[in-house]
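Here's the structure we're looking at; comments come further down.
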Amino acid sequence: MPAPDRKPQRTSNSSFDPLAINLQPPPNETEEEKAVRLEAAKEATRVSRTIDAGLAESKKLLERKKRAVKILLLGQSESGKSSVLRNFRLTFTPKYFESERLVWKTVIQLNLISSIKKILTVLQEEWEAVGDAQSPTTPDSASPDAKPSTPLTSDHRRLALSLSPLLAFETSIGQMMDSTTGGYTVTVRPGGGWKHKLASFGRSPSTTPPEAHSPDGRRRGREREQRPVAGDAGARGVQGGDRGAVGGQRRPGRAGSAWGAFAGGLGVVSDAFLDDTPRIAALDYVPSDRDIMRARIRTLGVEEHRFVTESGFRAGTEFYITDVCGSSNQVRWAGLVWAGLGWVLTSISDSGQHGSVVSRGVPYFDDVQAIIFLAPLAFWSSLDEDNTKVNRVQDSLELWREIVGNPLLAKTAFILLFNKKDILQAHIAAGKMVKKYVPSFGDRTNDVASVTKYFRDKFSAYHKKFSPEPRPFIVYETEAIDTKSTAVILGEVQEQIIRNHLKDLDVM
Ligand SMILES: Nc1nc2c(ncn2[C@@H]2O[C@H](COP(=O)(O)OP(=O)(O)OP(=O)(O)O)[C@@H](O)[C@H]2O)c(=O)[nH]1
Ligand SMILES: [Mg+2]
């Protein structure tokens, strides 16, 4: 058979198609070459179809996202954004929330270990200080007789020794979760991969650490299987507290409270589950809803959560809630995105499926329906992570000003949550004077109502002054660790956002 003529054919009415020419078989093609060529063409078609399907999928995702409700959670670090998100899930996707309960068990136990770590650090510092002041040959530097300068006793030393294995536990779980920083806060990468890892781990009632599954860890693993996570000493509480001036009081059946008192006596500011040690360290511990809201985990970066509501107003509505880590660098970074850089890599966590977390580029902040801004009323404490003495009120107000003044968000509805109201109440009850921390508060009455009114007015004035165009905003006072009251508020917020969105979509 004569070889096909591969020269371009030009006729008066045909168009020149270089692709068609390239697809023609080469001259003198053998059967083998033909088979290879056809196989390559088949593969090219398959790849092309995959790309087309991917593009169609992305288009569908974008279309779906356009109709979904998009909410952005903003506020400084530790203001309670992630806790509000957890409340959202508890209220509107209760089945999903339930499926994650055991994941939180390990996080809560890690939070407790972090508090114990703080205590051990303070004890260590105290011993070092005493050691420096004494002769190094002193046999028992913690003995109360030998060391009148320290209230620490040899019981404290024994206690510290018995608790130190917890630090190894913390390290191994941290490695398993790919926790990125040390310190006292569990810090994870965005994307929810850590949840997937903890999901299987948390199902084991003994919460055996990962090294227990390695050949060398097997024996240690078996030993640990018999023990609660915080160890016997943890469950017993601070026994040395009976004798030492810094120790908590020994109250049978209330050992956990002794931990809190002990930490308070040492000046370790933390409410991270110390008072609940016996309950949390128990083998059959299952976190309550409130425990889950109190759990502290810091996610670096930006995390987008997609879910379809199971209950509440218009159940079945699709939501995208973006949780932006509140550390100042992250906020600046997010600011860059708002400023129009457009596409960033975020992590989309699909509801209802552990491990179905994918990372992909999506445009966001462009059509957010509402921003839920959290301003904590706990302005007495400094930021835990950074150890920097940030004036929390000033910091929140600055962030609020930047966000309400952003022209790209001119049409976005703002919901301001003054969170951690319980902490404000506790501090006022303890006699703390607001004007010491917020001088402009002046001589107003030092009670919860006056303080919240003062901040409402301040945030409201900034909103009015810096918003590119007039718009309303809603304010609530919240306590995100109280799931009942938060559910009521989120119910109103969610309904309002959906109604406005439907109006914008012209379907209401
Ligand atoms: N007492 C009290 N604690 C709260 C409240 N809201 C949140 N918390 C706790 O405050 C800590 C910080 O809350 P998160 O939700 O992690 O704060 P965040 O804003 O997400 O912080 P970043 O991730 O660092 O930006 C957690 O331990 C919460 O349980 C509240 O209303 N009252
Ligand atoms: Mg967070």
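Each residue, glycine too, has its Cβ placed from N, Cα and C.
The region 'Disordered' annotation in TrEMBL covers 1-32, 131-155, 195-254. The feature compositional bias 'Basic and acidic residues' is assigned by TrEMBL to 213-227. What TrEMBL records for 237-247 is compositional bias 'Gly residues'. According to TrEMBL, the feature Mg(2+) binding site maps to Thr299. The GTP binding site annotation in TrEMBL covers Asn419, Lys420, Lys421, Asp422, Ala480.
Positions of the features from TrEMBL, shown on the structure.
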| residue | record | DSSP (3 states) |
| --- | --- | --- |
| Thr299 | Mg(2+) binding site | strand |
| Asn419 | GTP binding site | strand |
| Ala480 | GTP binding site | coil |
Which of Lys420, Lys421, the listed binding-site residues, has fewest other Cβ atoms within 10 Å: Lys421
Residue, out of the binding-site residues Thr299, Asn419, whose Cβ gathers the largest set of other Cβ atoms within 10 Å: Asn419
Euclidean distance between Cα atoms of Ala480 (GTP binding site) and Thr299 (Mg(2+) binding site), Å: 18
Cβ neighbours within the same chain of Ala480 (GTP binding site) - under 8 Å, at least six residues apart: Gly80, Ser83, Val84, Asn87, Met293, Asn419, Lys420, Thr486
For Asp422 (GTP binding site), the number of other Cβ atoms found within 10 Å of its own Cβ: 15
GTP binding residues Asn419, Lys420, Lys421, Asp422, Ala480: largest Cα-Cα distance, in Å and rounded to whole number: 9
